[in-house]
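If you look up Swiss-Prot, you'll see 1-24 marked as signal peptide, on the strength of similarity to another entry. Here Swiss-Prot flags HIS37 as active site, proton acceptor. Look at Swiss-Prot and you will find ARG45, CYS105, ILE127 tagged as tRNA binding site. Here Swiss-Prot flags CYS50-CYS105, CYS63-CYS116, CYS81-CYS131 as disulfide bond. Under the heading motif 'Nucleolar localization signal', Swiss-Prot lists 55-59, citing similarity to another entry as support. Marked as active site, proton donor by Swiss-Prot on the basis of similarity to another entry: HIS138.
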Amino acid sequence: MVMGLGLFLLVFMLGLGLTSPTLAQDNSRYRDFLSKHYDARPQGRNDRYCDSMMRRQGMTSPCKDINTFIHGNRRSIRAICGDENGNPYGENLRISRTPFQVTTCNLRGGSPRPPCRYRATAGFRNIVVACENGLPVHLDQSIFRP
């Protein structure tokens, strides 16, 4: 009995060792998603907001053409990946059931070289995300819904 329990624990611990990097990678991709697209309490939502946020998030060398920031709470965004606040959309994507407050920053001018200047578009939109292991890892698009 003790031998069987010891073997079980050994196999269990080896399994944890194999899955931990995968879980850590998923968490890393989720944190990257939040870094690029999440701002709980935006200050303003105008062109200056976009210039500042894009610079702060490291998207200005070279200048990124477009980026959308989602405003709200993380739990609601994560819920898109489940049935609580999301529905299947296309292949391997999920669309939010409820609209989110968002700010989309579009690069003004054509040069990808700094200084980068952005035009802000604020609104409420349903968002489409790719999920891995119940976490959003990619913002595919945002859709205005009447």
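Placed from the backbone N, Cα and C atoms, the Cβ positions cover glycine too.
Location within the structure of each feature annotated in Swiss-Prot.
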residue : record                       : contacts (Cβ under 8 Å, 6+ apart)
HIS37   : active site, proton acceptor : ASN67, THR68, PHE69, ILE70, LEU139
ARG45   : tRNA binding site            : THR103, ALA120, ALA122
CYS50   : disulfide bond               : THR103, CYS105, TYR118, ARG119, ALA120
CYS63   : disulfide bond               : MET54, LEU107, SER111, PRO112, ARG113, PRO114, CYS116
CYS81   : disulfide bond               : ARG94, VAL129, CYS131, GLY134, LEU135, PRO136
HIS138  : active site, proton donor    : PHE33, VAL129, ALA130
Within the motif 'Nucleolar localization signal' (55-59), residues counted as helix, strand or coil by DSSP: 2 helix, 0 strand, 3 coil
